[in-house]
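Taken straight from Swiss-Prot:
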type	residues	note
ACT_SITE	His104	active site, proton donor
ACT_SITE	Glu434	active site, proton acceptor
ACT_SITE	Arg619	active site, proton donor
BINDING	Arg114, Val136, Ala137, Lys138, Ala139, Asp140	(6R)-10-formyltetrahydrofolate binding site
BINDING	Asp347, Asp368, Ile369	NAD(+) binding site
BINDING	Ala393, Tyr398, 432-433, Arg460, Asn492, 526-535, Tyr613	UDP-alpha-D-glucuronate binding site
REGION	1-304	region 'Formyltransferase ArnAFT'
REGION	314-660	region 'Dehydrogenase ArnADH'
SITE	Asn102	site 'Transition state stabilizer'
SITE	Asp140	site 'Raises pKa of active site His'
Amino acid sequence: MKAVVFAYHDMGCLGVQALLDAGYEISAIFTHADNPAEKVFYGSVSRLAALAGIPVYAPDDINHPLWVERIAQLAPDVIFSFYYRNLLNNEILKLAPHGAFNLHGSLLPKYRGRAPLNWVLENGENETGVTLHRMVAKADAGAIIAQQRVAIDPEDAALTLHKKLCQSASQMLEYALPAIKQGQTQETAQNESEATYFGRRKPEDSFLDWNKPATVLHNMVRAVADPWPGAFSYVGTQKFTIWSSRVHPRVNAAQPGSVISVAPFLIACGDGALEVITGQSVDGITMQGSQLAQTLGLVEGSRLNSQPVCTVQRRTRVLILGVNGFIGNHLTERLLREDHYEVYGLDIGSDAISRFLTHPNFHFVEGDISIHSEWIEYHIKKCDVVLPLVAIATPIEYTRNPLRVFELDFEENLRIIRYCVQYHKRIIFPSTSEVYGMCTDKFFDEDHSNLIVGPINKPRWIYSVSKQLLDRVIWAYGEKEGLQFTLFRPFNWMGPRLDNLNAARIGSSRAITQLILNLVEGSPIKLIDGGKQKRCFTDIRDGIEALYRIIENTGNRCDGEIINIGNPDNEASIEELGKMLLASFDKHPLRQHFPPFAGFRVVESSSYYGKGYQDVEHRKPSIRNARRCLDWEPTIDMQETIDETLDFFLRTVDIVEKSS
């Protein structure tokens, strides 16, 4: 029987050897290149394959169509996965007529997902095991072919349990693989009601919170003991790792995290105390507990921390280019509300941010990003987070000035992106909902929707493709050079200070500002191509709160993510927006100061925007990533946004224009 194998780690080696021993013909093995940042203590699948004369590959993306085609050409009868770290898509799974099988390190359906070895120890389980199961689209959910139990002894830590699981897996494969080959398997469906799932472990999962019981912390030490990265704590700002420990009953009333004694090195916990048997300072060597306490300068009564304690907390420096714009000025207001941000801003005007100019944590320079390149480079080096918000983002300019759109939106921003790469700075880049173009999906999804634009002779797409190419450049810099980034895509944000009425007079504004100008001047509201195009309108306060959470980046959850920020519940056509705005206008206390409503007028897009324009019928965001990364949900109803936006502009007109 001809097999294609996906394998890594010790389990990968023993799986490959078991297949060879069972008489399988292995056509190819797919594995991973070792990560230099990872401590490699396990066997090499690639070396084993090479010694056995089997072709071996380590692709970056096994699910790429080219690799799927190459696997199809191998014509496998069966597919096996032994601790391969990437999910295989359905296109690969269906290539094997006798099925695809995966070796998992737990007693499924318990502990599906990543790192079951570590999670069972941390959770204090006394039993785990190994499972061979069919592979289906849902991870670790297929029917069970074989299963073997493994007892977890109190003295077991990660490495000893790993060795037990490897031994048990070898025994199980010895009888399971011939059964698969002979078509004599007995399969048991998994009970979904009993399923549990655990994700990839993150560094913060190994923080030792001294408020927890000593038993819980001891289990955490066991779960990530050497050669895993280890459980850790801090003495002030100094990090140290505990490699092995022992639980003691509480011997006094010390506060959690207090050092009860240094010989033995005993630390008070929420319940009981933890004795450090062996440990290591961040730049030191492994040593026994009492020596470690001495090395760390600890005495009885010293306090430990779960997080580093800094005597002086420097404010996070945020550079906003285009700080006077709609998003920039609202974001500045939100950041300055907190005392831990310092905002540096550049723009060609300051009318929208004049209220911040005297704030001690706000630093502004009036200037043009195409001229002030030295200032920009210096402040990118100086700041922690960079938001390049400068762009031409009004549709009429895409057809009126396409080259200027390209020069500013693409070329100037590319220079800023490269500075961020050069100086290792985090960039939060404003992509746009425009990148989805004429996508036909019901909900536009950051990770799966196609980005579809029109022909070259439609210059309205120059903004969309400029932004899309920058998205791709940033993504590539993240993948290849470690750029820390987040892309966010606003969906029709509205609110006070969106454009201004002077911009609307020359057609260079967003839809609602243009409609308000029509009402203020008593001119007809123009409905481009009938105004049936639908958009999802988002209140600026909802949008800014999401953007603020991206800047906060709790748990680094936003790194490398693309995040739609919009309100899918606030969907309306431009015609409906105009009618809602008219109703709000008629109820406004300043209504009497303005001319009568001049009605709606349907106009062709070519006569308004020019011959190079194309419109999009609908644009509704999926906000799955925003919910997952930001714990964010839009809350403000569209009518409230319309009322407040209209009120802001009408009062501006009354104060400024009517008095002139």
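Glycine is treated like the rest: Cβ placed from N, Cα and C.
Of all the binding-site residues listed here (Arg114, Ala139, Asp140, Ile369), Ile369 has the Cα closest to the Cα of Asp529 (UDP-alpha-D-glucuronate binding site).
Val136 ((6R)-10-formyltetrahydrofolate binding site) falls within neither a helix nor a strand when secondary structure is assigned with DSSP, and so counts as coil. Other than the site residues Asp347, Asp368, Ile369, same-chain residues with C-beta atoms no more than 8 angstroms from the centre of those residues' C-beta atoms, the NAD(+) site, are Leu321, Gly322, Leu346, Ile348, Gly367, Ser370, Ile371, His372, Val390.
Sequence-distant neighbours of Ala393 (UDP-alpha-D-glucuronate binding site) (same chain, 6+ residues apart, CB-CB distance under 8 A): Asp409, Thr432, Tyr463. Contacts of Arg114 ((6R)-10-formyltetrahydrofolate binding site) defined by a Cβ separation under 8 A and a same-chain sequence distance of 6+ are given as Phe198, Gly199, Arg200, Arg201, in order along the sequence. Asp368 (NAD(+) binding site) sits 51 Å from Lys138 ((6R)-10-formyltetrahydrofolate binding site), taking the C-alpha atoms as the reference points. Considering other CB atoms within 10 Å as the measure, the emptiest surroundings among the recorded positions His104, Lys138, Arg619 are those of Lys138.
Asp368 (NAD(+) binding site) counts 13 other C-beta atoms within 10 Å of its own C-beta, drawing on all protein chains shown. Counting only same-chain residues at least 6 apart in sequence, those with a Cβ under 8 Å from the Cβ of Ala139 ((6R)-10-formyltetrahydrofolate binding site) are Leu87, Arg112, Gly113. This prediction places the mean pLDDT of the region 'Dehydrogenase ArnADH' (314-660) at 91.
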